[in-house]
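Feature list (source: TrEMBL):
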| type | residues | note |
| --- | --- | --- |
| ACT_SITE | 79 | active site, nucleophile |
| ACT_SITE | 170 | active site, charge relay system |
| ACT_SITE | 172 | active site, charge relay system |
| BINDING | 47, 48, 49, 106, 134, 135 | L-glutamine binding site |
Ligand code: GLN
């Protein structure tokens, strides 16, 4: 059975477990770096990226998560998780994991639009996907290897680069599990190729 860990330091991690299980995989909350050895893919949830980063440092997760990604194991960053994956953050010298070739802008939709829902077409994944945005970032630019999966209002809100997946919104907060299912399939695929 494919096992997917959800980084459980801060933010919306419990909801992701429900979504992973609805997509046919086993979900585990990851609170210690040693648990990375027991999972096939990792979700970094939404929350507050600066708070998650503080806890990543406190529990010594930064290098182990980088190593996990560099082994070819899939990572899905949602909202704050997307910010943590990015190689560049607009207006900041800070980069967290820096695993994905994307430049992000935090809280990019402005104060008037702290949270909202929008119907998106996610390329190759889902049409008419109701996405929940909460103080969401967007992606300002992507590298050559990164595929844009969805835009909202002209801004990139979902992208994939090999085994890294990222979205600006919270796919775990509705009963539409198609994007999490897409990630589960990425993880199943990588399990097969890493076992060869
Ligand atoms: N605004 C948050 C941040 O900058 C992200 C919000 C979210 O994850 N819903 O980290």
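Each position is counted from 1, following the chain as shown.
Any Cβ shown, glycine's included, is placed from N, Cα and C.
For ligand 1, the neighbouring recorded positions among 134, 135, 172 are 134, 135, by Cβ distance under 6 Å. Taken residue by residue with DSSP, residue 135 (L-glutamine binding site) is part of neither helix nor strand, so it is coil. Sequence-ordered, the extra residues of this chain that approach the L-glutamine site, with Cβ no more than 8 Å from the Cβ center of 47, 48, 49, 106, 134, 135, are 11, 46, 79, 80, 83, 107, 136, 137. Considering other CB atoms within 10 Å as the measure, the emptiest surroundings among the recorded positions 48, 172 are those of 48. In the three-state DSSP assignment, the secondary structure recorded for residue 49 (L-glutamine binding site) is helix.
Neighbour counts of Cβ atoms within 10 Å were compared for the recorded positions 79, 134, and the top value is held by 79. Using CA atoms as reference points, the active-site residues 79, 170, 172 were checked against residue 48 (L-glutamine binding site), and the closest is 79. Taking the C-alpha atom of residue 49 (L-glutamine binding site) as reference, the shortest distance to any of the active-site residues 79, 170, 172 belongs to 79.
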